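Going by TrEMBL, these are the annotated features:
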COMPBIAS  26-38  compositional bias 'Low complexity'
COMPBIAS  40-50  compositional bias 'Basic and acidic residues'
REGION    26-70  region 'Disordered'
REPEAT    212-246  repeat 'PPR'
REPEAT    248-282  repeat 'PPR'
REPEAT    284-318  repeat 'PPR'
REPEAT    319-353  repeat 'PPR'
REPEAT    354-388  repeat 'PPR'
REPEAT    389-423  repeat 'PPR'
REPEAT    424-458  repeat 'PPR'
Amino acid sequence: MARLSHVCMRFPSPKLVCFSSISSSRRSSSSLPWISPLHYPKEKPPKRDPPSPLTEASATSHESQKKSRFISHERAIDLIKRESDPQRALDIFNKASEQKGFNHNNATYATILHKLAKSRKFNAVDGILHQMKYEPCKFHEGIFVNLMKHFSKFSIHERVVELFDAIRLYVRERPSLNAVSTCLNLLVESNQMDLARKFLVNSKRSLNLKPNTCIFNILVKHHCKQGDLESAFEVVKEMRKSKVSYPNLITYTTLMDGLCRSGRLREAIDLFEEMLSKDQIVPDALTYNILINGFCQGGKVDHAKKIMEFMKKNGCDPNVFNYSTLMNGFCREGRIQEAMEVLNEMKSLGMKLDTVGYTTLINFFCRDGKLEEALQLLKEMKELGCKADSVTFKVVIEGLCKQKKFEEALQMLECLPYEGIYPDKATYRIMLNSLCYSDETEKAFWLLSLMLGRGFVPHHATSNELLVRLCETGRAADAVTALFELLEVGFKPEPNTWVVFMETICRERKLLPTFILLDQLIEGMEIP
């Protein structure tokens, strides 16, 4: 079978492209070699009896109908979108281009490029871009904006800038401010600040760029994320000098978020008041949530509640996120009753708490020893169609273990995968630790087998603890079985564990199979 690095790429007609070895310096390490289905050897069909005239006429009619079926642009786009294999998607693209009178347009090119870039077939993307140079159709910059996002996602940042520069070549127009802000934001979000600075300098020079509010907001966001609030406020000063870049709600919300994260709550409120009085900008639910969350995180949940009341009085209805944030703040301070009052107010307004909100409440009920209330909330989630996830059940299982309700916890842990919920390693370890330190050796031994069978390895200290406790409770056979199961996953007992293990084995002289296993173990290991 021929690899795609040896497959030809035909350009006499700009309608056909194949995966090929494009003579380009841009070979992505993530692009894998391809084997085109077109080059698979085909078996020769067996010879058949000559068809009768009637059969031949029927076959001719069928072939005629098949040939006459034309793939339109809409049909090609639909087929490419539905195809999960990028190789077959490209085959569809090529097949459509081979039709007489068919020329690909902006939409079909956008669709195939999206499919290939999403699958990390960047050499093929380069081939399609090369072909586009010979197409007479009008291209739009959206193709390149989308490609920039894909290349940024896979950390190929230099190509992001190159694709921005390609807009002029292909679209034959100046890139819009949307394209500029998208490119800048992708570089800033990826912390490629050197590239971002060069990009801005080049854009100002070549495009005579005058940054708008959106572009300035990207810089404000970057400085706030870095904790450099002074630089963020300097950017805002520059914004005020121009009418096209005056600070807006997003600017103020970003600054307030930065102040809250730095614990400068008083300054955040002052800025909020300045936004209202000086610039007469009306805050939305997100802006209020920044302040509510900031005060909750700062341990001032009563102030957060006042902000919520101010929000209501000024005609901005709180949403699920505002209520959830305030509820979490009450939970964090151990004020469960007030948290439940917030939940009840949500219910009265027809709002539904999400999985994260329920999990937060369940967690604080479990910590407070109110297991029944936690289980009631879990039941409520199921009744309301809010699916609990692995984190929710981890919290519940830990709560059950604290209350020594190991049977319920084990049953839940065993059944969860059959309900499509897969607990993580930490959940199994929490349970095993609780069983070991509660002298529930029989249940711990059973859980160890379940845990290992599902591909989870217990903590080293817990494994030693379990082996020692099995020995101390006279379960020598189980201790040997557990030891060999653990050895298979690379476990090595501590010296103290060996001492207890040997003493137990010596006392159980009638366990001949155990001696045989021990001899095999000693032969295969260096005992400390």
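Backbone N, Cα and C define each Cβ position, glycine as well.
TrEMBL entries are annotated by machine, without manual review.
A Cβ distance under 8 Å defines the sequence-distant neighbours of the repeat 'PPR' (354-388), meaning residues of its chain 6+ beyond its ends; these are 320, 324, 327-328, 331, 334, 336, 339-340, 343, 395-396, 398-400, 402-403, 405, 421.
Note on the repeat 'PPR' (284-318): residues 249, 252-253, 256-257, 259-261, 263, 265, 268-269, 272, 325-326, 328-330, 332-333, 335 of its chain, located 6 or more positions outside it, place their CB under 8 angstroms from a CB of the stretch. Assigned with DSSP, the residues of the repeat 'PPR' (212-246) fall into helix, strand and coil as follows: 28 helix, 0 strand, 7 coil. Broken down by DSSP into helix, strand and coil, the repeat 'PPR' (389-423) contains 27 helix, 0 strand, 8 coil.
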